[in-house]
């Protein structure tokens with residue numbers, strides 16, 4: 001589809017790949033514009049050369065070289081249109097993206113010109129100009145403290161919509177009046193709603209910030225828009241503004257862009273198919289809004305994908321085109337078809353995780369080391385899903401890292417719960433006491449804890465023992481006094497002790513603990529991402545249930561002959577299992593690059609990996625059962641799939657443990673709908689590795705082919721681990737009916753080494 005304001009230009013010239021164009025690094029302060037433009041495909045070239053006075057929307061699909069287009073357009077504005085670098089504003093969503101753009105522009109323009117650009121995130125640009133114009137009825141010059149303190153989610157969302165405390169308070173009051181009218185009782189009084197409380201807190205919060213001459217993270221945008229709208233002279237410097245990831249802008253960010261773009265010279269880059277931040281007030285509708293606010297806005301579509309094989313692109317597009325409300329657009333690639341994305345089901349999440357670990361080793365071996373650990377990513381809808389996968393990777397000796405987060409047993413909420421249980425099992429463990437006594441806050445600050453520590457050391461007893469003695473009036477209280485503050489804490493510890501003496505299953509102990517702590521409410525009160533953290537607590541309960549099943553499933557002969565193990569309570573065995581699962585390595589940051597990455601789908605946006613594995617592709621995960629926006633959930637799966645360059649796996653289990661209880665699961669309708677309409681878009685068979693399959697992978701990644709001798713060596717090592725594989729897939733009829741040392745053999749084929757396993761009651765030749 002096209003119109004006067006819309007342009008689609010395609011090219012299948014593989015040499016135009018963004019990956020190949022960055023080798024040019026001029027030593028002088030400018031670059032030959034002709035050679036730069038020659039590296040662009042027709043659609044990219046049209047976007048770069050577009051008249052800077054006509055507002056432009058570049059709708060760039062995944063892997064289409066948008067960063068290259070943005071940097072080339074900036075270079076052309078400076079070198080051809082002679083715009084001073086300081087008159088160009090380039091806005092990104094993250095500091096990382098800004099730094100990447102800065103590096104590319106330095107190669108094109110030199111350090112001085114790049115340094116003069118007004119480049120950064122929305123927040124950093126606002127902070128800079130608020131300091132420069134602080135005399136304009138704003139805060140005192142050089143004394144603006146930018147605080148990223150926790151702001152209640154409801155307040156942050158109100159600010160994203162441009163609402164002040166007074167505006168938000170009035171909105172809440174109007175809602176309350178409406179509800180009372182519905183009830184036909186306008187005089188009815190009741191407890192304050194959460195929104196009313198938030199409105200009052202919001203008002204008080206603004207007053208405190210004003211008194212302290214401070215702005216919070218959201219205020220930067222609010223005050224920035226106010227400054228630019230009231231004082232036009234503060235934005236006269238801007239002759240062109242470029243905004244990246246425009247589909248993720250919220251109302252305030254859009255208003256900020258509009259305020260800076262006083263000369264109506266705007267370029268935005270975005271993709272509505274990758275709009276996945278509605279939960280934090282992003283407005284995908286800003287694309288349509290811009291076309292109304294900036295008449296004559298033209299669109300150019302970047303539809304040449306340089307990242308993925310054709311089969312990955314085909315399946316990903318089939319998923320996203322189920323959204324009938326999206327802007328019709330496509331993607332194409334010059335890459336070959338490659339392996340068909342795999343969709344595979346498993347009886348439970350444990351066997352799903354075992355498959356992931358072994359499949360990673362299988363692929364590495366079959367590629368003769370051309371693919372390394374760092375080339376694999378496991379993309380999760382929410383981070384609680386990482387626990388069984390971390391465990392399976394650890395069991396197979398595969399190093400992993402969590403992108404932008406912590407491994408499961410290092411997460412705050414998991415450590416909070418474990419600290420109580422550790423204290424019950426070992427009252428002498430002071431680190432657990434120091435953590436547990438603060439959850440929830442009991443008024444026992446650092447000064448009190450220091451006093452307790454000193455007195456406990458003098459009496460040569462643990463801190464828990466000391467507070468119990470204080471509670472029981474057996475020793476004098478400390479100063480400041482703690483007796484009143486610790487009553488509930490001691491009660492919880494003692495009730496858990498009784499449960500431990502009765503050999504209560506750890507999963508039940510955790511349920512009891514989170515209930516008595518009202519831990520979900522505590523997370524809601526203290527953590528903006530409380531939902532994700534609560535999912536981790538539920539996963540900890542599932543892990544405890546899993547440990548209990550493993551213990552009960554041990555052969556009777558082992559239990560009878562056991563000496564040490566038999567003396568351990570269920571709680572101690574659970575804590576030991578937790579400790580073993582949390583053991584990590586101490587590799588450097590450089591070494592950590594060669595690890596399998598575990599990441600949420602959101603955190604992976606903008607990144608790419610040769611191999612992408614998406615577990616839990618079921619109906620309660622995609623779409624997430626708590627989400628209200630079905631289309632955004634589909635877009636999130638699309639974003640996850642399009643991170644893959646050569647291999648894509650979509651896995652799901654027919655049953656999963658949720659808070660220790662078994663739940664039936666169905667394949668995500670986002671995938672099953674595609675399967676019903678398009679036979680062959682997904683495969684049940686694991687990827688083959690004939691020589692031509694390897695050639696596709698190395699070709700897409702621009703890597704040298706592996707040596708046959710190295711493939712044979714690595715496959716021999718893999719075959720030697722067959723016993724462990726057999727254990728991992730015992731009884732998994734839907735995956736492997738039999739995998740054993742005799743079922744894993746080596747053979748030669750004209751396509752290279754072949755790996756033979758027994759699959760679905762047949763001898764199947766899976767090229768490795």
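Any Cβ shown, glycine's included, is placed from N, Cα and C.
Unlike curated records, TrEMBL annotations are generated automatically.
These features come from TrEMBL:
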REGION    1-30  region 'Disordered'
DOMAIN    39-309  domain 'UvrD-like helicase ATP-binding'
BINDING   60, 61, 62, 63, 64, 65, 66, 67  ATP binding site
DOMAIN    310-606  domain 'UvrD-like helicase C-terminal'
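In this model, the domain 'UvrD-like helicase C-terminal' (310-606) carries an average pLDDT of 87.
DSSP assigns residue 60 (ATP binding site) to a strand. Most Cβ neighbours within 10 Å among the binding-site residues 64, 67: this distinction goes to 64. Non-local neighbourhood of residue 62 (ATP binding site): 271, 274, 305, 307, 308, 316, 331, 639, 642, 643, each in the same chain, at least six residues away, with C-beta under 8 Å from its C-beta.
Close to residue 60 (ATP binding site) in the fold, though at least 6 residues off in sequence, lie 66, 69, 269, 270, 271, 302, each with a CB less than 8 Å from its CB.
Look at residue 65 (ATP binding site): DSSP puts it in coil. Listed in sequence order, 271, 273, 301, 302, 303, 305, 329, 331 are the same-chain residues at least 6 apart in sequence whose CB falls under 8 Å from the CB of residue 61 (ATP binding site).
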